[in-house]
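The following features are taken from TrEMBL:
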- N48: site 'Discriminates between blocked and unblocked aminoacyl-tRNA' (SITE)
- Y53, F105, N107: tRNA binding site (BINDING)
- H58: active site, proton acceptor (ACT_SITE)
- D133: site 'Stabilizes the basic form of H active site to accept a proton' (SITE)
Amino acid sequence: MSLYAIHNKKSRHPDTYMHYVHTYVRARIIGNMKSSSSYSYIVIGLGNPGKEYEHTRHNAGRNAVLRFVKENNLSPFEENKKLRALASEDTIEKTKIWTVLPETFMNKSGITAKNLNIKNKKQIAESVIVVHDDLDLPIGTIKIVKNRGSAGHKGVESVMRALGTRDFTRVRIGIAKPAHIKKSQSEEIVIKTVIGKILPDDANLLKKGIKRAAEALRTIAENGVDRAMNEWN
């Protein structure tokens, strides 16, 4: 029903006029809702929800995406129950960006990725960007990669299983000091490293890595993944 037809209802049935208005507006809103295929980039920041994990190494990806949204004055995050995540949608230089922070714990990040409902592998390869911490890189450094294995990162593995592919872009944020701690330490020490208390010097280095990752996301939005890889790797 058109808005003109609704207006005619007002004179004939004033008691139902507002019902038609609400129906019309709701239909327009639903019609304007974007599917995941409407976005140039879907950025997923991995981490754990909750204050106790907020400043841990394991939340580097989540914090980088938070910083990216804040520094670029993008729309604030809102709860998205369907995705089981916080989500924000906006544009940078006419590039549509959907940023997503899973509210599941790290190892179940794939729940949010699956709920994005992206079936097209080409679209996944071209649009999905996962931002996460990485024990194979020195703390404070970043590396942008495409179509790479998880290297044992449980959150990344969960996303790969959910999407049915590893062919997507990842922004890796180094959290290791020294590098390659994962390969030389026990699982218990690794867990303590990624979610335990971080010393001030390491915290400052981590902030630099998070800042670099947020800036790299801006480069991707403006100039594409390949340009960002050349600039930041």
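Placed from the backbone N, Cα and C atoms, the Cβ positions cover glycine too.
Each of G47, N48, P49, H58, T104, M106, K108, G155 belongs to the same chain as Y53, F105, N107, is absent from that list, and has a C-beta within 8 angstroms of the C-beta centroid marking the tRNA site. With Y53, F105, N107 listed as the residues that bind tRNA, the site has a largest C-alpha separation of 14 Å.
In the three-state DSSP reading, N107 (tRNA binding site) counts as helix. Cβ neighbours of F105 (tRNA binding site) (same chain, under 8 Å, six or more residues apart in sequence): N48, P49. Other Cβ atoms within 10 Å of the Cβ of N48 (site 'Discriminates between blocked and unblocked aminoacyl-tRNA') number 21 in total over all chains. Within the same chain, residues at least 6 positions away in sequence whose Cβ sits under 8 Å from that of H58 (active site, proton acceptor) are G47, N48, M106, D133, I175, V194, I195.
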